[in-house]
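J.: Right, I'll just put the structure down here and ask away after.
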């Protein structure tokens, strides 16, 4: 396993591009699965469904891997270098996904309506951990947010299929609220607290603190939008009667 590591680290760009091709292949394979009729009839919904299908696979892999890695790290006595190597391999795959997803959003012409997703794809903190092999545990904890991404993606896919009144949507919105607080908000705020508490001895502490603050603002705004759309829909509809007529806006909330 470690024999391939020097090759990856000496050619990070091509290695990430190869990983992005893996997700492009997954994108093609997922198109063979059945798609709801209402999704097929709208070009934007059809593109969004395809994009979310790959994102769902990525989030499942990332969330499960992060939990497994962290639990095994706490319970076993394998050398820390072994975990570092595993993390580096995964970050290459992780970065490849973001290259694929950002390319899909930009090349499909939906970059303007998906700017917040593109901003989420800024992965400088993970690349820092990749090149320096520092803060590996913190980077893995940050990946816990992908557990919430599973329910977020499922929520959007149900909205695309017009299934907001289904029991699955009602169950998922509660699961989404729980995972958002437990794995997204708690993770971000814990990492922010850790950086502030240990700022004096952390290398490039300001760099990470600014990054965390930007992400904290974004996830709080998105949390507000989530609560407004899923738990106070009538009040929101009263404030904006045209909301449901705007497909892109409707899907993004």
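Each residue, glycine too, has its Cβ placed from N, Cα and C.
Feature annotation from TrEMBL assigns domain 'TLC' to 44-235. Taken from TrEMBL, the feature transmembrane segment covers 51-71, 83-102, 177-196, 208-227.
For each feature listed, report its degree of burial, its nearest neighbours and the pertinent distances within the displayed model.
T.: Counting same-chain residues at least six beyond the ends of the transmembrane segment (51-71), those with a Cβ under 8 angstroms from any Cβ of the stretch are 23, 26-27, 30, 33, 83, 86-87, 90, 94, 97, 100-101, 104-105, 108, 137, 140-141, 143-144, 146-147, 149-150, 153-154, 156-157, 160, 183.
Sequence-distant neighbours of the transmembrane segment (177-196) (same chain, 6+ residues past either end, Cβ-Cβ under 8 Å): 63, 138, 141-142, 144-145, 147-148, 150-152, 202, 205, 208-209, 212-213, 215-216, 219, 223, 226-227, 230-231.
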J.: What mean pLDDT score does the domain 'TLC' (44-235) have in the model?
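T.: For the domain 'TLC' (44-235), the model's average pLDDT rounds to 81.
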